[in-house]
Amino acid sequence: MTSTTASPAEIAANSSKKVIVGMSGGVDSSVSAYLLKQQGYQVEGLFMKNWEEDDTDEYCAAAEDLKDAQAVCDKLGIKLHTVNFAAEYWDNVFEYFLAEYKAGRTPNPDIMCNKEIKFKAFLEFADDILDADYIAMGHYVRRRDTDGKTEMLRGIDGNKDQSYFLYTLSHEQVARSLFPVGELEKPEVRRIAEEQGLITHDKKDSTGICFIGERKFKDFLATYLPAQPGNIETPEGDIIGRHEGLMYHTLGQRKGLGIGGMKNSNDDPWYVVDKDMARNVLVVAQGHEHPRLMSKGMRVNQLHWVDRTGPADGATISVKTRYRQQDIPCTVKIIDEQTIEVLFDEPVAAVTPGQSAVFYDGEVCLGGGIIDTLIKD
């Protein structure tokens, strides 16, 4: 479907199809449920609880989100189911998150949540318990059927496109999923919600990592991983400060280093250019294009391709090494089934091991993998 509206014939055809919408209590899933109902589908909601907060945890908004999701479903006249995936989330997302930080890498738990929870555990529950034909989410992506396979495309709203977070989906999973708001710009989504009297129309978008909520990242991480303070050094080996733990820092970071006004240095800001895990040293240098911060390419492993085949050896495509980044033109060299070497057309700053590299051919999200090592020269 390439539109948010449906013809009478499409509405009639859709009327026999049951869609389970992941209701988060936000505006995007609210409007997704409304649009699917308008398109004639049998729509029901499913609210996931993925994190078990304790009684003193004032940061997790799960109870408020559930209340908002219920209010929207009541307004739309659809049933809301609830499910607790906290155990699956802990085992498959949170433990991975901690292990990566412990290893000095910078993971993206939202990508792992989509892979293990929203499009695996959720889809299985919708199939086995709720007898779904499709699931639907409020993600800003699109789908297109081509040659018997379903492709995933960037969302219409370039500022909100979330294909970066969904690259681990297979074409089979994409074929079972509907993404109504992917055809819209965000202001239009809010306008529809307000017109339909949905309580979530002006609700603030959620940001950051869901299980951390509004609390400080450093405080949260310290409750699970012991901090190991160490020295901050320049590339020349001069000690210019102390850090509270390498896990609190990422390549390219500028703020929160606690250094500045150094003798014999210019006024350029300091950036993290390396993390020496063996010596527990944070290496910093001045200037956002310092040679230690730049990479000519990278090795990417743990590959996943939406169509299960991926690009050809030597393909010239584009890549994002972080969310909302401009596309980076690149050439791909296949090393083996789970590893590729990627050469950028121009050097790129602050490419970060542990983060995801996601590849595109025009509007089509091809898939991606985890950045393993960097190519410096």
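Note: Cβ is positioned from N, Cα and C throughout, glycine not excepted.
In the record from Swiss-Prot, residues Gly22, Met23, Ser24, Gly25, Gly26, Val27, Asp28, Ser29, Gly138 bind ATP; the candidate from Met48, Met152 listed for the same site is Met48. Counting only the Cα atoms, the space from Gly26 (ATP binding site) to Cys210 (active site, cysteine persulfide intermediate) is about 13 angstrom. With respect to Cβ neighbours within 10 Å, the recorded positions Met48, Cys113, Cys210 differ, and Cys210 shows the lowest count. Closest to Asp28 (ATP binding site) by Cα-Cα distance, out of the recorded positions Cys113, His139, Cys210, Gln355, is His139. Put simply, Cys210 is the one of the recorded positions Ser24, His139, Cys210 whose Cα lies nearest to the Cα of Cys113 (active site, nucleophile). Annotation note: His139 (site 'Interaction with tRNA') sits in a coil segment as assigned by DSSP.
Secondary structure from DSSP puts Asp28 (ATP binding site) in a helix.
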